[in-house]
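Novice: Dumping the structure here so I can ask a few things about it.
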Amino acid sequence: MCPPQTRSSGKSGNSPTAAKSGKHNATSTSLGFSPRVVPRPAYPPFSEFLISIVKEVFWQGGVHGIMCAYIFFPLYAAARSKAVELEISDQVFFALATSATHSVLYILCNFTFQLFDDYNWFQDYKLERKPYQKAKPALVKKMAVEAFIGQAVTGPIAAYFLYPLFLHFGMLSLDAPLPSAVDMFKTFVIGHVFNDVGFYWTHRIAHMKSIYKYVHKQHHEFAGTIGFAAEYANPLEVIISNQIPTVGGVLFFATHPLCVWVWIGLRLQQTYEAHSGYCFEGHILNTLWFLHADSAAHHDHHHTANQGNFGGLYTDWLFGTMDHYQALGGRQGYIDQKVKQK
């Protein structure tokens, strides 16, 4: 499937002005698996598609992964040495380290966004939420209970029993030195692409009318999503759409254990930011490609409109599932709309 004709300039019909004028009315001819706008809006040019891949896969995946592996290796070596001293088994150490990576990222990222909300910090980057999009206390409580169970019970158990599977596919010893920078770069790129493609298709399938209400609807109970709810989902979806795409690339293409945890950390940071309700477009850290403003706007539209945007920019571009987003003017049009409505 190819995307609609791409635009060559910012004056094409998918600008915010065009959307408001009704040139591209958001009339969907197919909800769910393949939402469409008639007439179909122009998509970003091929150059933007390539930049998205370079930024998300090679820089934020490959280069950031290498940097983090070198930064955290001394901490890893110290923890590993202590585990040997305490006679903690390799399998238990793997489970503890995997769970710690998950929990630390969950707490650090999401409580940071919560502080932004509580103290009105960085509100220029906050995406508008209508009253009905704000989660009710009962829903937040339900989400918190499920998150605690996942972090403290099912997560560690799953990691414990996955350890032999990682070894089966060739994961390096816990005491092995770090691979070369080139090998680690390959690991993180493969992990990223495997996740992007796997998540896109499982997520898109979950939006089929015959499946959505039984599996994926739970995740969309948060119409105005928050970082804490990034992993709030039906258990079947957690396994098929979240866990398998996330770990598949580093599981099937063996690597060092630290690289597994670095990749999980990078993936979690991206998804928490994408669900946070903040889009740091224009911030210096986003300009330097350290944040994920593109993903945040792209996925926030998915939650608020629930029409398309099943993956990242390059997968939705490639498979033609960002019509409604483009009818609003794409990333900048959506951000402008959300800022003006605040």
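Just so you know, glycine gets a Cβ as well, placed from its N, Cα and C.
Okay, these came from TrEMBL:
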REGION    1-32  region 'Disordered'
TRANSMEM  57-79  transmembrane segment
TRANSMEM  91-113  transmembrane segment
TRANSMEM  143-163  transmembrane segment
DOMAIN    188-321  domain 'Fatty acid hydroxylase'
Novice: Short question: which residues 6 or more past the ends of the transmembrane segment (91-113) have a Cβ under 8 Å from it?
Specialist: 79-80, 83, 147, 151, 155-157, 159-160, 163-164, 166, 174, 226-228, 257, 260-261, 264-265, 268-269, 272-273, 276-278
Novice: What does DSSP give as the helix, strand and coil breakdown of the domain 'Fatty acid hydroxylase' (188-321)?
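Specialist: Tallying H, G and I as helix, E and B as strand, the rest coil: 89 helix, 1 strand, 44 coil.
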